[in-house]
Every structure is written in C-alpha cells, then in structure tokens.
Amino acid sequence: MVTTVSVKIDDNHYEPNNVRTRISNRLSQVARTFRAAVRFKRSKKDACPPDLTVDRSQEKKSDNNEVSPPICCGQRIIVDPAHHLHYKWLMVISLAVLYNVIFVPGRAVFWDLNNSIPPVWFAFDYICDMIYVFDILVRAHEGYLEQGLMVTDAKKLRKNYLSATNKWKVDMISLLPTDVTYCWWSPSECTFQVPCAVIVRLNRLVKLPRIWDWFERTETDTNYPNVFRICKVLLAILVLIHWNACLYFAISYAIGFGTDNWVYNIEGPKNSTLSHQYIYCFYWSTLTLTTIGETPVPENDAEYLFVVADFLAGVLIFATIVGNIGSMISNMNLARVDFQNRMDGVKQYMAFRKVGRELEARVIRWFAYTWAESGALDEERVLSALPDKLKAEIAIRVHLDTIKQVRIFQDCEPGLLEALVLKLRLQVFSPGDYICRKGDVGKEMYIVKRGRLQVVADDGNTVWVTLGAGSVFGEVSVLDIPGNKTGNRRTANVRSTGYSDLFCLGKDDLWDALDDYPEARANLTERGCQILRKDGLLDEDVFKKSQITRDSMEESIQRLEATVDILQTRLARLIGEFGASQAKLKQRLTKIELRPMEGDQEQSSPNSCRRRLRSYEVRKQSTPPAITRNKSM
C-alpha cells in the first residue's frame, strides 16, 4: 500500500526503513500470539459447558465422529454479540475510528501536527487499518438469532453479512487503498500547505457508525445510563467543534493568513505555534457554533457565507443537543420528583385532617429515611415488567439467605424456600414504633434486615433484650399450632429503637405456600412444637386431641374422596350406557319414519299399478256369473 516514505525530523535519528522493519516485526509477533491464543481457545472448547442458545444443527463432523479443525472462515468461528469479548472488541474498533475522526482532519489542516511525529502517525494509521480489516472478519462471523437459536453456520453468517447492504459497503469504502497517492504525494513533505497528503484517508471516517454499536451496548449495560448519555453528547459536541475549527483554519489558508481581521493571522512567533493555532481556531469555532460571544466580523462574501452556514448549523445542531441534555437531566431527577409529589400529597392530607405537628414530623422523617436508604424504590413496580421466572431468581438472590436464618425454615425444600422469598415484604419502622404489642394476635413473622429492636415490658421502660440484624421473632405464631398456651398471641412488646427495616411474612402467605408441600408442613409443625415444648408453652393433651381429630378428619376426607371417585366412575358408566341406548333409539325411530315413505313410493310407482290391475282382472275372471248378477241387482 505504501512504497516509500521519506521522513525528515531535525535533531532526531529516525530511519524510515528501520522504523518500518520494527513495526512489521512487532505486528508479525502480535499476529503469531493471536493465532496461538485462538488455537489454545479452540483446544479448550470441549471442556466448556454447552451453550443452549447455539444452533448445532449446521455443524459438520468427519466420518470418524471427530470434530473438524477450526479454520478462519469455517463454521467453528462464531462471534457471539452478547459475549463480553465482543463488547471489548467494539471498544477497540471505536478507539480506532475515533482516532481517524480526530486526527485525520487535524493532520490534514495543521501541518505542524502532521510533521511532529511521522513514525508514530505512520504506526497508528496502519494499526487502525489492520483493526478495520479484522473487524470485517468479526462482522462477517457475528452470530444472529434464528427462531431463538444462535446460528453457527459460516455460510449463513456470511450471507447475513452480505445481505446487510450498509455493512459490507461501509467496510469496503473505509478500506479503499487511497494511500497509494503517497507514492507521488509524500505525507511528510507538508509545510505551509493545506491540505496535507493525509487528507486521502478521509474515507476511514465512513466507519463512524461502528461507534454507535459500542455506545448502545454501553448504554444498555451501564448502571448510570443518563450520565453516559450526557458524556456521549459532550463528545459529539467536541468533535463537531473540532471539525469546524479545522475548516476555519483551512478557509483562512485559502483566503490568505492575515489578509483581513476575520481570518487567522499566522504572523509572529506566538501565532505560528501549533498550540496557539489550534486553541484559537477551537475557541472561534466554539463561539460561532454556540452563537455566544463576539467573533471577528466577516469582510468578504466567502467569509459571510461560511459564518451564516456555521450559525445555521449551530442553531440546528445545538438546539437538538441542548434539548436532549435537558431531557436527560430531567430523567435523572424523575424518581426524586415522583417521590416529592407523593410526600407533598401526604403532607396536604395531614394538614387537611389536622393530624398534629408531632405526627407530621414523624411522617416527614420517615419519607426522608426511605429516600436516603433506597431512593423510595418500589420493588414491585420496578420488577413488574419481568416474567415470573426472572422475578423469582432475583428474589432468591436477594432474600434466600435471609429466609434461611429462620430456625423453622432451615433444611426445608428449596422449592418451598423459593416460594416463600417471593412473599417477603419489606417494612420500615420509625424510632419508637411498636412492631407488635403483648396480646396482639400473631398474623406475621418478622426478620430484622437493618436496625435495632427492643423487647420491652408493659411499662415501656424495662428492656428485656435487644434484637439486631438477622434476628427473627413471631415465627411460631404463623404456624397456628393447636395447644399453644398463648393462643397464637404476642407474648411481649417489640419496639424499634431507631429506623428499622424488617422483612414480613404473613400467615396466609405461608399456608398458601405449604399447600403444595404437605411433608414440609408436617416438619414445620414439628419444629414449632419443639420450640413451644422448650419454653413450656405447649398443651400436649390439646395437641394430641387435635392430631387425632385431624387424623380422623383426614381419614374421613380420604374415604369421601374414594366414594366420590367410585360415584364418578359409575356416573361415567351410566352416561355411556345412556348415550348408547339413545343412539339405538334414534336409529329405530329413523327406520319407523322411513317406512311410510317407502309405502307411498311403492303405491305411486307404475309397476305397482299394473300389478294391482292385473290381479283385479284375474279375480274378476275367476268369479262365477251368478255372484256377479247378485251383486248387480
């Protein structure tokens, strides 16, 4: 692609041939390392678990059932767009595109920048070209989903790549060998000349849409999407200002440096430096595109046209950008605004009902605590968009360790624990709030997630014990064990010392989950009885009577179920017999209805009439004449 490059740098000893040799040797070493890594990766493929989303139907095997060796364009090489390595590759190709976006226009206009470090620019240019080439291989083997499965057939992947017109056309245009112009237009011989030879590499900017793929993937994966969107918009603003600055410097060169007050004046030791040239052009571009500040007044028609075009572009582009930034900032505060509206509604209600200053202050402090701790996050509303399976997995990750801390739930079936974690509800209590009072009917059990609770006497001053994170109370009351001397009522007062976060599990929710696990229900009842026996709170006689009653009821229910099954069987048999007899009766009725029709048909037919006339004549001839005369008389 490049035949000869002559580089001249004062006070530095760069030899072009040596530089190219070192670069080519280094690139060859990188290529060998990459091929070795690919072979090592393929050798470990069999040890990896299978990917259920990959379509293996198109994979070919040899006659001896051995997997064919992977080749560069074979079926075994597939790029999964959801893999983290693909995301890293998108970042690499984005950096290569961004390098061309910034430095190709800059080096084409600012000759001092182009002549500063030619070997470095040479190396970066062709490293980016190699990345572009490798990106074609990646895009040609990017997997896609077909009927929910990842396609792995190389022919289908390449066909899919070629069917997307924009992809392969953009890749081909961006790699056109425009560098051949270096043969007669040396990139290093650019002094007081615009543009420089590197302008022929502008086709590399066609690859710019590849950056959007990385932006979209990052915006999806990051936990701070609004911050990333703002950074993305700022990057777009800086690139536009940079391009406009380069264009201003090029127009100044075309008109003539220092010919009027509008163009850049290159005279003087300060104005001739690269830093001052770029900073001034960037400053002028910023003022023009943002339409703020005062800029030099144009003095000829070309300058007026350029400034007008800049103003129009600035109004359109930056109006859109500012609007997007405004919506992003408002979206960042959307949760806070929603929370503030809810708090204002509660405050208005309390003021209307005149609940009192003390209670109002407690409610406001509760709102402030919930916002500081969780941002007033409504878990049910946030997770409502997910399917039940994913919601269950999230709940298991978050609450499974918490539910295992309860003694009666230890060593329970995993299915029961998964059903219970979906029914846990988080409750927040303020300082001084009573979670339960002595004598209340126990309908919930509580697990302390954060905070401290005190078990106090009836006077409210004597503290019996302090509960911290991980403590559990009320677990026996939800089991509703017969013979409990407390009658499933609370035996103590539990008060929150400060702000406390507690997980609550209701009795109805527990028994709904236990309906599908009868063995677990018996085990939990036995563990609850052991806890009551340990504290002397179980009436054995009542418990045994309830068990006998329950067993008799279960036996009665079983007998009733057996009787119902027998009746259902007999009813099904009777229904079958009734259906068969009904079908026979219909057939008989049909035959009876068809008989008169057949008789009428026989009577109306000509043959039957002839037969009857013939039989009449025969009877008449056989009758004696006397009888005939008597009848005539």
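Yeah, the Cβs are placed from backbone N, Cα and C, and that goes for glycine too.
Ranges compared are 438-472, 508-542, 543-577, and TrEMBL records coiled coil for 543-577. The transmembrane segment (120-138) makes no contact with the transmembrane segment (233-255), as judged by fewer than three Cβ pairs under 8 Å among residues 6 or more apart in sequence. When the domain 'Cyclic nucleotide-binding' (408-510) is classified with DSSP, helix, strand and coil residues number 17 helix, 40 strand, 46 coil.
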